[in-house]
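If you check TrEMBL, you get these features:
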COILED    50-84  coiled coil
ACT_SITE  Glu180  active site, proton donor
ACT_SITE  Asp312  active site
DISULFID  Cys377-Cys409  disulfide bond
ACT_SITE  Glu423  active site, proton donor
ACT_SITE  Glu445  active site
BINDING   Thr529  Ca(2+) binding site
REGION    538-566  region 'Disordered'
Amino acid sequence: MARGSRSVSSSSKWRYCNPGYYLKRPKRLALLFIVFVSVSFVVWDRQTLVSEHQVEISELRKEMSDLQNLLEELKGDSKGTTNKSTKEVLDDPIDIQRREKVKEAMLHAWSSYEKYAWGQDELMPQSKSGVNSFGGLGATLIDSLDTLYIMGLDEQFQKAREWVANSLDFNKDYDASVFETTIRVVGGLLSTYDLSGDKIFLDKARDIADRLLPAWNTPSGIPYNIINLSHGRAHNPGWTGGSSILADSGTEQLEFIALSQRTGDPKYQQKVENVITVLNKTFPDDGLLPIYINPHSGTTSYSPITFGAMGDSFYEYLLKVWVQGNKTSAVKPYRDMWEKSMKGLLSLVRKSTPSSFTYICEKNGGSLSDKMDELACFAPGMVALGSSGYGPEDSQKFMSLAEELAWTCYNFYQSTPTKLAGENYFFHSGQDMSVGTSWNILRPETVESLFYLWRLTGNKTYQEWGWNIFQAFEKNSRIESGYVGLKDVNSGVKDDMMQSFFLAETLKYLYLLFAPTSVIPLDEWVFNTEAHPLKIVTRDGGKPVKNSNEMQKPPRIGGRKEGRSG
């Protein structure tokens, strides 16, 4: 057979190796089989009669192998078992287009930060200047590292990496929030280390974590929520009456456990796990804790119970530490506490009239308040993620609850003139929902839940909702020098702040909503509450913390190459 007449020439073989080409053309699939048989005879003939053509025989064998593998893929697809590579080949053109739009939005946000606020914590787009909201730690830069990496924005990532290596300095005479610094800075650096394998990020994460550790030196082990990064003096904010805040004290577990795993030093894990041990001693049957905790006694004080501000991520981390440890017996106590909390959540669920929007109340003492924060819109994603750990009946019950709550959260957006959600909503009999605090600061919680629901159900409706929200941000929040929030979602009046979590969370979840599921797969990664993915590491009960560098090399992310071109 002449080289130019081969059925799969070197210039066109990639088109013929695309399974989608044959799935849509059954006759060509039959022709493919005939070609396969013909090539087999040609190879046999060449092997026995034309020994001088060994190079061509080798090439033909490779083509035969490719064709045979393709037939196996097509066979698997006909049985409903399309493998990962086939799914990526058949990537939806609309998804490709949409994630490119989100990627362009990230580039716009990042280039604006780079131009007007480089190295500072956050950009004020209308003023075209930076502001150090977190003590001058480069919060937006660190928060954006893994987003840049996942999207394949290598040039921007490398420039940010050089700033981290050469300019990032934590020796600041600044009273920092332990919570905010952990989720944004420790989490962002650890995630980027897990993604890239670059040790500079692990070294920097350890540096800042060491500066935070004295906050846990309290009589009970419940941390103070504020610490001076230079002097190590810790305290609580005055407005809490000396109490520690539930979310601020119970949302460091993922990051500090991961840091112990990556470094082999157990001290970080010990500090944060002791907090859960203390809280579990008096953990109520409904799993609901007030938002204020006494750092001296470790007991809660009379205060609201909420899945919104100051309560939210405590419940999120009970579930996610279980996921992070690969759901072994060593982390089952976290799952047990979380399931108790879900019983409590069910007691707070109500439906509006007349439209039956499902929502989560807040609780004060014995009375319920028909108010729900947009912050609580993380809950649909959390409930969906945790539903698989139940038996079939309860699993379906909680997945249905997640879907109902997501519909409510989506309507937080759809119910305003700008199609952007306010900060919180009130529910009144016969009137459904009405916006309370009416600003929007580019929050991610609803799109986060849409991402989880799409990944876990495959229902493309959640992609459509996410796309509508993205378009509302583009219409109302995008300006020439970045993205801004709204002072009022009814009037559309703009503020002057591009929150770092817009780049860390909102745009990352929107991008992943339209990316193949092989990009940050949920059976290999767990997201912290700032959307920084951390590698899942199986935990064995009773064994000391291992250095994860000894267990495995940091992985390369499937789909990152696709992110550059797709």
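Backbone N, Cα and C define each Cβ position, glycine as well.
A TrEMBL annotation is a machine prediction, not a hand-curated record.
When the recorded positions Asp312, Glu423, Thr529 are ranked by how far their Cα is from the Cα of Glu180 (active site, proton donor), Thr529 comes first. Looking only at the recorded positions Asp312, Cys377, Cys409, Glu423, the one with its C-alpha closest to Glu445 (active site) is Cys377.
Here the coiled coil (50-84) has a mean pLDDT of 46 out of 100.
If you take the Cα of Cys377 (disulfide bond) and the Cα of Glu423 (active site, proton donor), they are about 11 angstrom apart, rounded to a whole number. Nearest by CA distance to Asp312 (active site), out of the recorded positions Cys409, Glu423, Thr529, is Thr529.
Sequence-distant neighbours of Glu423 (active site, proton donor) (same chain, six or more apart, CB under 8 Å from its CB) are Asp373, Glu374, Gly436, Thr437, Ser438, Trp439, Asn440, Ile441, listed in sequence order. You'll find the Cα of Thr529 (Ca(2+) binding site) roughly 18 Å from the Cα of Cys409 (disulfide bond).
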